[in-house]
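Trainee: Feature list, courtesy of Swiss-Prot:
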TRANSMEM  4-24  transmembrane segment
TRANSMEM  60-82  transmembrane segment
TRANSMEM  87-109  transmembrane segment
TRANSMEM  130-150  transmembrane segment
TRANSMEM  197-217  transmembrane segment
TRANSMEM  224-244  transmembrane segment
TRANSMEM  282-302  transmembrane segment
TRANSMEM  320-340  transmembrane segment
Amino acid sequence: MRSLPMLWFFFCVTVLIIGYFIYGKIIEKIFVINPKRQTPAYQVNDGVDYMPMSKTKIWLIQLLNIAGTGPIFGPILGALYGPVAMLWIVIGCIFAGAVHDYFCGMLSIRHGGATMPYLAGKFLGRPVKVFINTLALVLLLLVGVVFVASPAQLMGTITMDVFGVSQGALVLGDAEAVHHSVEAGGIKVWGMDKATVVAVWTAIIFAYYILATLLPVDKIIGRIYPLFGALLLFMSVGMVYGLVVSHFSATDPIEFFRTINADGEGLTWAKFTQNFQVKGDVPIWPLLFLTISCGALSGFHATQTPLMARCTENESEGRFIFYGAMITEGVIALVWCMVGLAFYENPQALQDAISAGCSMLKLCMIVRYIS
């Protein structure tokens, strides 16, 4: 049953899409939208944070805001659990993550583009507002560090890797040679070692974040974020294309789920369903849900939705923007979970990589290899 893993992947993607049209519509009815109600984008329209934008542009910005590197790194690590990881992404997205994001966005629209701490204080009292503000500050600090450090590490690795290619240090499929040369200081970029290159990228990304925050939303966020969001989608489509083409390759086929099929034989339904059960030292509960959070359910998204709630032109666009962006993030998470399942030769190789710490280099190598 060689096609079983591929069918499972596309089944999960299909369920997510169906969930958007069916359950998303149910959630929209529960909220009771009013298309005739003026949104904060028109009520305030201060030319800074509040201004109307097209729903496609807002959707791409919202996708990038809530996604980042979360639905890439988490699902790759979560691939250790096999196909049950993809089941969690589907269920989590449809019934929890997308619902959470939709209501956060729509509540913000209904209350003048208010943030979650303000809404918590309005309905639950000042003590709750203080608590949520403190919690949000701590979490945003932690998430901000990750969202600066992880791209900087990745870009630093890619920079050193590409420079290694230019020096002739990389032959086809020999990424480890470059890695060892980089770590040993044998490869430098303009006289800088890897740590310095990463520090430079960190400064660049941090400066970009500050600039994007201080300027009006349409100057940087409204112009650059949609492009980055489109690139995120394009990259995921490229991953699927690479997997499918490699899967049907006559010379070097890549099985979609080869990490759970160690004996090299065809994957049977019995073997497939074994991966929906607890596997001894890697219990599904609660580790799976902690490993894959951003791709299925994340409370951090509540801090991002007011940004786009202030630019939404009509309440009827909320399902596409907020619910739809989370469903799209779920699709991206499914793609990268499949990348993790297809990259390693067997379950032990994947386990060893995770046990040793899945560094940015290894994640970068996965992307390059599958591409």
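Using N, Cα and C of the backbone, Cβ positions are placed for all residues, glycine too.
Could you place the listed features in the three-dimensional structure?
Mentor: Away from its own ends, the transmembrane segment (87-109) comes close to residues 12, 15-16, 19-20, 23-24, 27-28, 31, 33, 39-40, 62, 66, 75, 78, 115-116, 119, 276, 288-289, 292, 295-299, 301-302, 305-306, 308-310, 312, 315, 318-319, 321-327, 329-330, 333-334, 337 of its chain (Cβ-Cβ under 8 Å, at least six residues beyond either end).
Remote same-chain residues near the transmembrane segment (130-150) are listed as 68-69, 73, 116-117, 120-121, 202, 205-206, 209, 300, 303, 360 (criterion: CB distance under 8 Å, separation of at least six residues from the stretch ends).
Outside the transmembrane segment (197-217), and at least 6 residues removed from its termini, the chain residues within Cβ reach (under 8 Å) are 47-49, 51, 144, 148-149, 151-153, 155-156, 159-160, 189, 224, 307, 310-311.
Within its own chain, the transmembrane segment (320-340) is flanked in space by residues 9, 12-13, 16-17, 19-20, 24, 27-28, 55, 58-59, 62-63, 66-67, 70-72, 74-80, 85-86, 89-90, 92-94, 97-102, 104-106, 232-233, 236, 239-240, 243, 256, 259, 292, 294-296, 301, 305, 308, 312, 350, 366-367, 370, which lie at least six positions past its ends and keep a Cβ under 8 Å from the stretch.
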